Structures are given as structure tokens and as C-alpha cells.
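For reference, the structure is listed below as C-alpha cells.
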Amino acid sequence: MVICHSCTTFCILLVIDLVPCRIVGMENVENRVMFSLLDRSPQTNDTGPKPEKFEIAKGKFKVLEENSIGADTVSHLPTTREEHVSAVVPMPNFDPHRLEKALRTKGSIDGTEEALYRSLLDHTVYEKDVRPCIHHSQPTNVTFGFLLNQIVEMDERNQALTTRSWLNINWMDPRLSWNESLWSDIKAIYIPHARIWKPDIILVNNAIREYYASLVSTDVMVTSDGNVTWLFSALFRSSCPIRVRYYPFDDQQCDLKFASWSHDITEINLGLNTDKGDLSSYMNNSEFDLVDMTAVREVVRFPSDTNSDWPTIVIRIHMHRRPLFYVFNHIVPCVLISSMAVLGFLMPPETGEKINMIITTLLSMGVYLQSITESIPPTSEGVPLIGMYYVSSLLMVCLATCVNVITLNMHRNGAANQGRHVPAWMQKWILGYLATFMRMSIREPDSIALLKASQSKKSTIRRSSILRDLKRVKNMSNVRAKSKEQNANRECECMDPLVHIYAESIMTSLVSDPKPMNGSTIREDFASESTFLGRVVSDGIMPRISASSNSVLTEFETRFRRILKRVYRSLQQHEIREEILDERSRIQWQWQQLASVVDRLLLCLFCTATLFTIICLLIVPVVYRDNDVLSILNFF
């Protein structure tokens with residue numbers, strides 16, 4: 001001990017002696033300076049005066065030539081600069097009293113713990129690669145403790161759970177025990193974990209390549225009876241099979257399996273200090289709620305090694321997902337998009353945007369389905385509820401597109417088929433019973449009813465009027481024939497007002513309906529007769545009729561009668577055409593009403609299907625997930 005103390009003192013003096021000092025009188029000279037050592041006054045005898053402190057020697061510095069490392073000291077020729085006396089100036093903060101106090105404290109330090117550390121870890125008596133045991137046939141009992149600090153991440157796509165945990169591993173090492181009375185009542189010491197033996201306990205279901213890089217270990221605490229406690233923190237990434245059936249309303253149970261990698265139960269007996277994990281320092285996760293955590297000891301026998309049992313500590317972490325994020329970002333948009341597809345049945349077909357709206361809805365559903373598939377694991381073991389709901393919604397939107405095409409064709413069926421009548425069974429069941437059940441009143445519009453009534457009344461009046469006028473003309477010709485001899489010399493200067501009425505009515509009808517009905521021949525006849533009547537009307541008088549002009553009267557009556565017949569025929573054809581157009585309008589209106597009733601029926605059906613899908617795929621499975629009612633889902 002005295003020798004060690006002397007060596008320590010000499011080293012301290014040497015360090016102090018080599019402290020840089022300022023050199024006086026050596027400006028602009030780049031040379032190396034040799035420092036003088038501290039001189040200690042020699043102690044001649046025990047009775048002589050003892051120096052109370054160390055003094056710094058004073059002297060001149062010897063200057064070495066530049067680039068003369070390792071060479072002997074060379075004296076310079078006397079110059080004027082050497083005449084200046086160089087002095088060693090100590091550091092400003094140097095205190096000789098503090099140095100003396102430090103040396104005295106060093107001499108009074110107790111080295112018992114250091115000596116105990118060296119004696120325990122002496123390589124002649126301790127080998128860290130050898131398993132500690134009293135006899136090699138006895139196992140080393142290792143106690144395992146687990147503290148969960150945080151659930152960092154659940155990677156559903158890669159099926160891995162990342163947790164931050166603290167481990168407490170304890171075992172007995174008889175080689176590290178000592179007698180407290182012989183070592184100043186030292187009860188425990190701390191030793192670096194790399195200096196002693198440690199059990200090779202690892203995470204069996206590890207899912208990361210750099211396993212040991214995530215371990216943060218502290219010093220190992222060793223007590224006097226050989227009890228070793230190893231505390232360390234780690235960021236574990238373990239494989240965890242994800243159950244996606246009820247995603248995003250799912251519960252996940254992940255296991256962390258710890259075991260010795262190379263020692264079976266005959267060498268390392270791994271046990272638990274408690275069956276409940278420590279949650280005193282747990283930090284809540286934003287995505288999962290921790291339901292429960294248990295620790296179980298299992299003894300595993302592998303098929304490849306049936307003669308050995310391997311103790312394993314299984315930490316089961318039960319978590320429940322918080323579905324609020326997924327409800328607002330995945331489910332609510334899907335419900336709204338499905339509702340927009342259903343509301344497409346209420347859009348009038350005349351707008352021509354029903355199909356565009358449903359196709360846009362279908363594309364939106366596809367985009368949201370793609371975002372779902374990127375977040376759930378690509379597994380075929382089960383289909384998540386949200387995926388089933390999206391597929392069902394896509395199917396309903398596709399069906400809505402198909403039935404909207406059918407209803408649009410039905411709406412245009414009356415105009416496309418040139419007046420094809422609605423089948424009788426459709427009129428009876430759809431326009432009759434189904435419309436009544438849907439609380440829809442099928443009545444002809446007032447315009448069609450009034451038009452039909454007016455056309456029918458007008459046709460009756462015209463026909464009776466023409467027949468009456470034809471009879472009147474015939475009677476008039478007979479009367480004129482009888483009185484021809486009596487009025488032979490009388491001249492008729494004015495035309496009968498009835499003829500004016502007939503002529504004006506004929507001209508009005510010809511002007512209002514100039515289209516021919518019977519080809520070019522009828523058009524030529526009407527042209528000649530209209531010229532004749534126009535001349536009669538423009539002149540305002542009949543040609544002078546005398547006894548010698550019977551042929552003119554006969555010609556006029558013949559032409560006039562022929563014109564009336566053709567006018568009657570044209571009016572009749574015009575009425576028939578109007579009746580055909582009215583009938584087509586009525587048929588087209590019936591098809592439109594039929595399409596409206598079908599749209600109302602499909603609206604009710606798709607609303608019911610949408611609500612039924614939400615209840616069956618999103619509500620019932622979450623509420624009754626533990627009942628046998630949902631066993632049908634296992635079929636998929």
C-alpha cells in the first residue's frame with residue numbers, strides 16, 4: 001500500500017509539472033520548451049525537518065532546435081535574447097493547498113468495495129461463460145418479471161406488435177457471494193452486465209433483425225448472498241397474428257414468448273415472480289385500449305426434440321381497438337355514398353344524369369375500398385366486416401345502375417316503340433295494385449283529358465254540320481231546277497250568303513291545313529278548285545245566270561259538291577291523325593307512370609337493403625360477437 005501511495009504521488013507531481021506555462025522573453029520564437037520537474041525536498045532522516053509543501057523549481061528553459069525531435073539538447077551561441085531570464089509562471093487557478101488536501105483524501109479512501117469487486121471477478125475464480133450452479137446436474141432457477149411501458153404500434157399489414165417493456169430477471173450465483181462482516185458490511189454491489197454470466201433469454205417470436213440493438217441494459221445488482229438482479233429496457237417487435245374478422249371493431253390478443261435459446265429445463269428453470277404483468281408505468285395508446293395482460297409459464301416440447309422440455313414465459317396482451325377514427329374516415333363516407341346511390345332513384349329521368357350520378361358513386365366506392373385494403377393485412381383466413389360492407393355496397397350500387405338502365409328504357413318505351421301499349425298485366429298489377437300500395441295516384445293529366453274531350457266534340461260537330469250542309473245544297477239545287485222556267489229572265493247579281501260561308505270555310509281549312517293527304521293528284525285538284533273559289537270570293541258575285549246559262553250553274557254545283565266532299569275527307573283525316581297523336585301521348589304517359597312506380601319500388605327496396613346491410617354487417621356482429629347467431633359469418 002505504501003508503494004502504491006508513493007507511485008500515485010509521483011504521477012500527480014509529474015502531471016502538475018507538465019502543465020503549460022507562460023514563457024517570458026521569448027517573443028516570435030517557435031521552439032519546444034522543456035519543463036522542469038517538481039523538486040521535492042529530500043528527507044535525510046526521520047528526525048530532520050519535514051517539508052510542509054511542494055515547491056515549484058525555478059530555472060531557465062532549454063531551447064531545442066526546430067525539427068530536432070529525439071535529438072540531444074544543443075546549446076545555442078550566446079545571444080542577446082538569452083540574457084533575459086525565463087521564469088516558470090504557474091497557472092492562475094493552481095492552489096497548492098488543494099493539491100495537498102486531495103493527496104490526503106486519497107490516502108484516506110477506503111478501497112474495500114474495489115477490493116471486493118476485484119476478488120469476486122478475479123478470472124482465476126470466476127468465469128462468466130460458465131453457468132452458475134452448485135452442481136452441474138442441478139438447474140439454475142431464473143425468475144422472470146415483465147413490466148409493460150407502452151404499446152408503440154400495431155402493424156396490421158405486417159402482423160407485428162411493437163412494445164416498450166422493462167424486464168426484471170433474477171437468479172442465484174454462489175460464486176458472487178461474500179461475508180458481509182469481512183467486507184465492512186457491504187450488502188450489495190453493482191457490476192457491469194458484460195462482466196458476469198447472464199441467462200440467454202430472448203424473445204422467441206421476434207420480428208426484427210437487430211434484436212440486441214434495441215436492448216438498453218443497466219448494471220447488474222449483486223447482493224451478498226449471491227442474488228443477481230438484472231434490469232433492462234427493450235423495444236420489442238413481436239409477430240402477432242391479426243384477427244381481422246371484426247375490423248375495425250376488433251379485439252387483438254398478442255403473445256410475447258420468452259425462453260432460453262440454448263438451455264432446456266434441466267439447465268435453466270425459468271419461472272415467474274407473478275402471474276400478473278406490471279402496469280404501474282403504462283402509457284395509454286391512441287389506437288388501442290389495454291384490456292388485460294397476463295403472464296403464463298408453459299413447458300414446450302418440440303417435435304424435433306422429444307427428449308427435452310423448454311420452459312417458456314408467455315406474456316398475453318389483450319387489446320381493444322378504438323374505432324372512432326375508422327368510423328369517421330371509412331364507414332360514414334361509405335354510408336353517405338350508398339345513400340347518394342339510393343337517392344338516384346328520385347332523380348327525374350328527363351335530366352339524363354341518373355346513370356352519371358350512379359357511375360360516380362361506384363367510382364367513389366372503389367377508391368374507399370382501395371384505402372381499406374391498404375390498411376388491413378392481406379390474409380385469406382377471414383374477410384373483415386368493413387370489407388364485406390364495402391363489397392355489399394358496391395354490389396347494391398351496381399344493381400342500382402342496372403335497374404336504372406331498365407327504368408330509363410321503360411320511361412322511353414312509349415316513344416321508342418311507336419305507340420306500343422302497356423301490357424294488361426302491368427296495368428293491373430303495377431299501375432293498379434302496386435301504385436296503390438306505394439300511395440301513388442295514377443290519373444291522366446288535365447291536358448290530355450281536355451284535349452280528348454274537345455277533339456271528340458269537335459269531330460261530332462263538324463261531321464253533322466257538313467252532312468246538313470250537303471243536304472241543304474241538294475235541296476237548293478232541286479228548288480232552283482223547279483223555278484228555272486219561272487225565273488228564266490231574272491239574273492242573279494249577288495251570290496247566296498250560304499255560298500260565301502262555304503267558300504270562306506273551305507279557304508280557311510285549306511290555309512290552316514295546306515298539307516295534301518292523297519298525293520300529287522289531290523294537290524292539283526285542290527289547286528284548280530281553290531283558284532275557282534278564290535275567283536268567286538274575290539269577285540263577290542256569281543256569274544250572270546240566265547236561261548241560257550244552265551250549264552254554268554250545273555258546273556258550279558258539281559265542283560262545289562266535290563270540294564265539300566274533299567274538305568270533309570281532309571277534316572276526317574286530320575281528326576284521325578290527332579286521335580293517333582293523342583293516343584301516343586297517352587301511351588307514352590302510361591309508360592312514364594310505369595317507370596315512376598318502378599322507381600318508387602326500387603327506392604324502397606334499396607333503402608331497406610342499405611339499412612339491412614348496416615345492421616347485419618356493422619351493428620349485430622359487434623354487439624353479439626360472442627353468440628352463435630353469427631356462426632354464419634364463419635362460412636365466408
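Just so you know, glycine gets a Cβ as well, placed from its N, Cα and C.
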Per Swiss-Prot, the candidate from N284, N475 carrying the annotation N-linked glycosylation site
N284
Return whether the side of the membrane given for I151 in Swiss-Prot is the same as that given for G432.
no
From N141, N518, name the one Swiss-Prot lists as N-linked glycosylation site.
N141
Length of the line joining the Cα atoms of N141 (N-linked glycosylation site) and N179 (N-linked glycosylation site), in Å:
23
Please identify, from the glycosylation sites N227, N284, the residue with the sparsest Cβ neighbourhood, meaning fewest other Cβ atoms within 10 angstroms.
N284
Counting Cβ atoms within 10 Å of each candidate's own Cβ, which of the disulfide-bonded residues C240, C254 comes out highest?
C240
Between the glycosylation sites N141, N179, the one whose Cβ has the fewest other Cβ atoms within 10 Å is N179
So what's near the transmembrane segment (383-403) in sequence-distant terms, Cβ-Cβ under 8 Å and 6+ beyond its ends?
244-250, 326, 330-331, 334, 337-338, 341-342, 344-345, 355, 358-359, 361-362, 365-366, 368-369, 372-373, 376, 598, 602, 606, 609-610, 613-614, 617-618, 621, 636
Non-local residues, at least 6 beyond the ends, that sit with Cβ under 8 Å of the transmembrane segment (357-377):
156-159, 242, 244, 247, 330, 333-334, 337-338, 340-341, 344, 347, 384, 386-387, 390-391, 393-394, 397-398, 400-401, 404
Cα proximity to N179 (N-linked glycosylation site), best match among recorded positions N227, C240, N284:
N227
